[in-house]
Ligand SMILES: Nc1ncnc2c1ncn2[C@@H]1O[C@H](COP(=O)(O)OP(=O)(O)OP(=O)(O)O)[C@@H](O)[C@H]1O
Ligand SMILES: [Zn+2]
């Protein structure tokens, strides 16, 4: 039994997340966690809201709330949405909690003691009107690269180039709009990543199994020369810098956010301290396999910056084994954007369709080889085809026939024959492939294998037609129907990581009520058994089909929607 630590990139706190965030980090992490639980591994799946930084302060100001109160409220909003999407975190924490404060201070002190922190004086934008420095997004102006007028001090949304507030042309304060901005000297702390190049090279060379996209991004950062990184900001919301003369400064959000993976583990352990030990997952934890899931913009922070923090400490912290990074989910040909309210946000998504339908489509179309474009048209067509016509139809035709003709009792007559042996061979191939794809973190291929198992089951039943055979050979029909019931059970078990709600309901119709249904290893035994109690219930409609025209209506509605 392997010990697997799984983390999803931390969703930022400034609003309800969109389908891109779900597809890029939360969902693939959840599906893998569920698969690993299904094969009996010991899994710890963690996540947290990422709460520091200027966007949180600005969103709180826009909502007319104190930033701590704003973050507390938004954390609860996000937690509830993830519960409804059946994201099976063992613990969902907050990066602004006291444990993360303490750990962030710890790492800073270790890095400092090892000579890896350096003070530099920087010229930063200061606003006399606001009486403060304006870091990152607190400054708005014209992009020096593309001329976009609404560029923000950390990045230009139009041309995506990273910026410093001092780069902007005609800068103004995002708080007061004041344009009388000055440049003033201010002291900041840098993490000397340049001193860690060799350590990082060796570390990176010892990793394997990363998607090419992730390796390429990590290598690009190293090959371009690892630059020292400013890890402090002139802000009040965040982890205060424990050094005289640094009052009113906090650590940069990307310094403390990944440390929250460890803080979340402490939060999990603190809920049951007699039985849980966070150190077993992080401290000299050679027996742990650690997997991180995230979108490609987060790769540098996980493949370079966070490892620099951990390795630079000189302590035996667990570092990531595989970073599963993906490309973008785009929205009807353009970008998802939280700030512009473009796309489908997770609260609205749940009003339109069940969580399982979104989970299935986003996994089956995971942006792994390249970007994936979401459109309502494709979503409706593929969900109708896979979930209603294939899986739903399989469940319905088998269980309602058992209900109608056998009073809900799984028939025991008849013996498996040649068609069942052929079926078992084909099923074994698919089950082995499915495990392989899950292990390789190949989400699309795993979903394709699940779809293939549903198709195989439907094809078998169409060919052996127990509904017709029952008139001439009731024993043969019974054997086929028994295989059919077991196929339903297998079809639901393999689907469970993707569509846990519907799969769980189907398994309960068969009397199987396991919190984590096991993944069948081979089909031979699985095909010819009766279900516990021998009785199955008739199914309700599992997935209602989207009616014709539904997608067009949604496309039009969402074209002008705001979050
Ligand atoms: N369109 C997308 N497709 C795939 N992954 C995405 C997409 N947008 C964000 N992500 C990923 O979602 C995770 C959480 O992102 P985060 O909450 O920081 O939002 P974000 O990157 O600021 O997105 P946005 O700016 O659209 O709100 C990150 O791993 C990020 O890479
Ligand atoms: Zn630009």
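Backbone N, Cα and C define each Cβ position, glycine as well.
Your range for motif ''KMSKS' region', going by TrEMBL and the list 325-329, 330-334, 335-339, 340-344, is 335-339. Checked against ligand 1, the binding-site residues 156, 159, 338 give 338 in sequence order as having a Cβ less than 6 Å away from one of its atoms. When the binding-site residues 143, 146, 156, 338 are checked against ligand 2, 143, 146, 156 have a Cβ within less than 6 Å of one of its atoms.
Spatially close to residue 159 (Zn(2+) binding site) yet at least six residues away along the chain are 143, 145, 146, 148, judged by Cβ distances under 8 angstroms.
Excluding 143, 146, 156, 159 themselves, the residues of that chain whose CB lies within 8 A of the CB mean position for the Zn(2+) site are, in sequence, 144, 145, 147, 148, 151, 157, 158, 160, 161.
When other Cβ atoms within 10 Å of the Cβ of residue 143 (Zn(2+) binding site) are tallied across all protein chains shown, the result is 21. Rounded to a whole number, the C-alpha distance linking residue 156 (Zn(2+) binding site) with residue 338 (ATP binding site) is 15 angstrom. When each of the binding-site residues 146, 156 is scored by how many other Cβ atoms sit within 10 Å of its Cβ, 146 comes out lowest.
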